[in-house]
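Chemist: One structure, as structure tokens, below. Some questions next.
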Amino acid sequence: MTNIRKSHPIIKIINHSFIDLPTPSNISSWWNFGSLLGVCLALQIITGLFLAMHYTADTTTAFSSVTHICRDVNYGWLIRYAHANGASIFFIFLYFHIGRGIYYGSYTFMETWNIGVILLFTVMATAFMGYVLPWGQMSFWGATVITNLLSAIPYIGPTLVEWIWGGFSVDKATLTRFFAFHFVLPFIITAMVMIHLLFLHETGSNNPSGLNSDSDKIPFHPYYTIKDILGLLFMLFALMMLILFSPDLLGDPDNYTPANPLNTPPHIKPEWYFLFAYAILRSIPNKLGGVLALMFSILILMLFPTLHMSKQRSMSFRPLSQCLLWILVANLIILTWIGGQPVEHPFITIGQLASISYFCIILIIMPTISFMENKLLKW
């Protein structure tokens, strides 16, 4: 008699994806982030569902409904802070996951990589709309500033902005539609994650050496299930420390003031995980130029497979490229810091230099260094 997990139509799919999946024997903890992102997504959907049961998407009551969740709902404070800080953890893991893909050359799986970049855009859009929902000062002004960027699109821009707003300013209609989109997008993300996995399982996982590992595979369960559970425990520990000891560490104090269209906060800025892109946007004095740079700062990820000039897939044996990648990471940290600073000297200049170096490293220096390393191989 055949084992049910190998014969049942649905269990068979789960078996081929998470149990009997042939996996390279040498993948490191950097490969944990995929499963951790899946857990984060599930956590966000569950906490979000419970928040939606008590939240009201109306400009007059949105702020007080969030206060009500924190004060009156059983463990409402825990659900709300798990959702808010869960988003931060989600983005940390997302950036680690992308960084690992760049370091080990996983972007050579074109379909998996491209759907991953589209996923990143969708997650960013979802997080932005979620930030608007508490209807605090930073929610309102963040929504106003970011949606206004679309007015830079020639000819149709201003009409498009009013269409998204549902009026002549960010108001009740905007909040209602943002709530609707924020609710539905995570389910679309879940479907896209399944496509992401489908493409990945067509080729199999990459590994730290960047070499073909068909001759050395082990079953996913129990080896990597136990490894993923260890990563999960670390994640839950970090998340609970954040929620229980400093839940507002990554938030903005301005968002504890109800939205007021007549009073602009001194420094309008998005959540910390968007600051690097925000710094690139602000570093260009032209509106359309800034918007294009903002879009391209993420879209540039799609060029990685094209810009790969090295004869080796992974950076494991390429010290020059390794150094360059860590310079890029430092550059992104500088951009994140600049994004949270006021628009004044010397921050403007630092932001412009960091933005130029961000694009130069990826578009010019990385391919050049790869080409040099190819020459060095012949020595």
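Every residue gets a Cβ built from N, Cα and C, even glycine.
As annotated by Swiss-Prot, transmembrane segment applies to 33-53, 77-98, 113-133, 178-198, 226-246, 288-308, 320-340, 347-367, with the evidence given as similarity to another entry. According to Swiss-Prot, the feature heme b b562 binding site maps to H83, H182. For H97, H196, the entry in Swiss-Prot reads heme b b566 binding site. The ubiquinone binding site annotation in Swiss-Prot covers H201 and is backed by similarity to another entry.
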Chemist: Taking the Cβ of the residue listed as 'ubiquinone binding site' as the centre, how many other Cβ atoms fall within a 10 Å radius?
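Modeler: Around the residue listed as 'ubiquinone binding site', other Cβ atoms within 10 Å: 14.
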Chemist: Go through 77-98, 113-133, 288-308, 320-340 and flag the stretch with the largest number of C-beta pairs under 8 Å relative to the transmembrane segment (33-53).
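Modeler: Stretch with the highest Cβ contact count: 77-98.
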Chemist: Run the contact check on the transmembrane segment (178-198) against the transmembrane segment (226-246): 3 or more C-beta pairs under 8 Å, excluding pairs closer than 6 in sequence.
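Modeler: No, the stretches stay apart by this measure.
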Chemist: DSSP three-state call for H97 (heme b b566 binding site): helix, strand or coil?
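Modeler: Its secondary structure by DSSP: helix.
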Chemist: Return the member of H83, H182, H201 nearest to H97 (heme b b566 binding site) in space, with distance defined Cα to Cα and candidates limited to these binding-site residues.
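Modeler: Among H83, H182, H201, H201.
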Chemist: Between H83 (heme b b562 binding site) and the residue listed as 'ubiquinone binding site', what C-alpha distance do you get in Å?
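Modeler: Between the Cα atoms of H83 (heme b b562 binding site) and the residue listed as 'ubiquinone binding site', the distance comes to 30 Å.
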Chemist: Taking pairs 6 or more apart in sequence, does the count of Cβ pairs under 8 Å between the transmembrane segment (77-98) and the transmembrane segment (320-340) hit 3 or more?
Modeler: no
Chemist: With Cβ-Cβ distance below 8 Å and at least 6 positions apart along the chain, what are the contacts of H196 (heme b b566 binding site)? List them in sequence order.
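Modeler: Within the chain, H196 (heme b b566 binding site) has Cβ neighbours under 8 Å at T112, I115, G116, L119.
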Chemist: Just to verify a number: CA distance, H182 (heme b b562 binding site) to H201 (ubiquinone binding site), in angstrom, no decimals.
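Modeler: Their Cα atoms are separated by 29 Å.
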